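Over in TrEMBL, the protein carries these features:
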DISULFID  CYS56-CYS61  disulfide bond
BINDING   ARG152, THR154, TRP165, SER217, HIS220, ARG252  FAD binding site
ACT_SITE  CYS359  active site, nucleophile
DISULFID  CYS359-CYS362  disulfide bond
ACT_SITE  CYS362  active site
Amino acid sequence: LTGVLDDCLCDIESIDDFNTFKIFPKIQKLQERDYFRYYKVNLKRPCPFWADDGHCSIKDCHVEPCPESKIPVGIKAGSSNKYSKAANNSKELEDCEQANKLGAVNSTLSNQSKEAFIDWARYDDSQDHFCELDDERSPDAQYVDLLLNPERYTGYKGPSAWRVWNSIYEENCFKPRSVYRPLNPLAPSRGGDDGESFYTWLEGLCLEKRVFYKLISGLHASINLHLCANYLLEETWGKPRWGPNVKEFARRFDPIETKGEGPRRLKNLYFLYLIELRALSKVAPYFERSVVDLYTGNGHEDAESKALLLDIFRDTKSFHMHFDEKSMFAGDKKGAKSLKEEFRLHFKNISRIMDCVGCDKCRLWGKLQTQGLGTALKILFSEKEIQSLPENSPSKGFQLTRQEIVALVNAFGRLSTSIRELQNFKVLLQQTR
């Protein structure tokens, strides 16, 4: 897997080097910090598209929620999109949380706090989300420690798993039903067509629709890579041993076993990495402001977390072959606006499909990575709002919840890990030949 990626001026070798030597070690450290390791998720939302076909009963599908007592006080205090010390540190905030509506805000609040509450409410009501967000106030929403529930192969497969991916590709990729995506076992038999008609059709699409397909395919490839790299190799005396499974990797990505499809999937993984890398470099000014604390209640830890995050932003800005998102939605204003809205609604639908995943651990990581990508898209479409942010007061027109921040960093961390694991598989494959 070498050379320049389609639809952008970047080569695979440059991404490999940049990821291995700059990004991967730092993003690993960041994901271990308290602010980024606890994610609040509702794993009990019903599937909105078909009758539930039962949850996976394999023990590795289980997610262990985190007891409230273990959650840092600054994370569970108040609503999770209020992530600065000032927003979490006051009795007034608790009074406000209990108020039924904004009009009941305690009159002792400062004007700046009032402005912040109004802005958060405006933000919560806004329509620029690319994801269906969980209601964090639901009794079914629980904190999960991501470090204790790692993404790995659980044994969840077969028709139930394929049905989810099939829905994502067939119903959400601007695609006519007459053109089959290659190698989908649920698709009707298509004779001698090995999927080339799909790629002929894809090449004929506008950039935006091609990009949409590549993002979904890249996410699928990344998740598959995680499962191959963290596979249950054996379980003796109740002691499981997890590690890379070269056979499984070949089954999913080898050019011969996948009729040439595997390398295309991996190229889409690199493309997705570039998109999320671009989003990180674009959102840096939002976090560079002193008003953003990454607040957990531990001042020393918070300062270190923010310093490490800003260090990663500096690295993302130093990368010299970014994807140019200005080439997207650049047609006539009316057509571009309608296409962007279609893009957003398609992606929102995909985030809803994640509630149909039967394995809790797969659902957790599917929801997190989809929300991370949705947050990246939101950032790329909010450049003007980010550039005009005030330094010392709440954001106008652009705001990120703590959930979105955690999802963005962890989703990019998963892509960084995928590309690192791909290097490991290359070495393992050479050793087996």
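The backbone N, Cα and C atoms fix where each Cβ goes, and this holds for glycine too.
Quick caveat, the model's predicted, so the values are computed rather than measured.
Here the features listed in TrEMBL are placed on the structure.
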{"residue": "CYS61", "record": "disulfide bond", "Cβ within 10 Å": "18"}
{"residue": "ARG152", "record": "FAD binding site", "Cβ within 10 Å": "19"}
{"residue": "THR154", "record": "FAD binding site", "Cβ within 10 Å": "19"}
{"residue": "TRP165", "record": "FAD binding site", "Cβ within 10 Å": "17"}
{"residue": "SER217", "record": "FAD binding site", "Cβ within 10 Å": "24"}
{"residue": "HIS220", "record": "FAD binding site", "Cβ within 10 Å": "18"}
{"residue": "ARG252", "record": "FAD binding site", "Cβ within 10 Å": "20"}
{"residue": "CYS359", "record": "active site, nucleophile", "Cβ within 10 Å": "24"}
{"residue": "CYS362", "record": "disulfide bond", "Cβ within 10 Å": "25"}
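Here the candidates are the recorded positions CYS61, CYS359, CYS362. The one whose C-alpha lies nearest to that of HIS220 (FAD binding site) is CYS362. When the C-alpha distances from SER217 (FAD binding site) to the recorded positions CYS61, CYS359, CYS362 are tabulated, the minimum falls on CYS362.
The binding residues for FAD are recorded as ARG152, THR154, TRP165, SER217, HIS220, ARG252; their greatest pairwise CA distance is 21 Å.
Calculated from their C-alpha atoms, the gap between THR154 (FAD binding site) and CYS61 (disulfide bond) amounts to 6 Å.
With respect to their backbone Cα atoms, ARG252 (FAD binding site) and CYS359 (active site, nucleophile) stand 20 Å from each other. Closest to CYS61 (disulfide bond) in space, going by CA atoms and restricting to the recorded positions ARG152, TRP165, CYS359, is CYS359.
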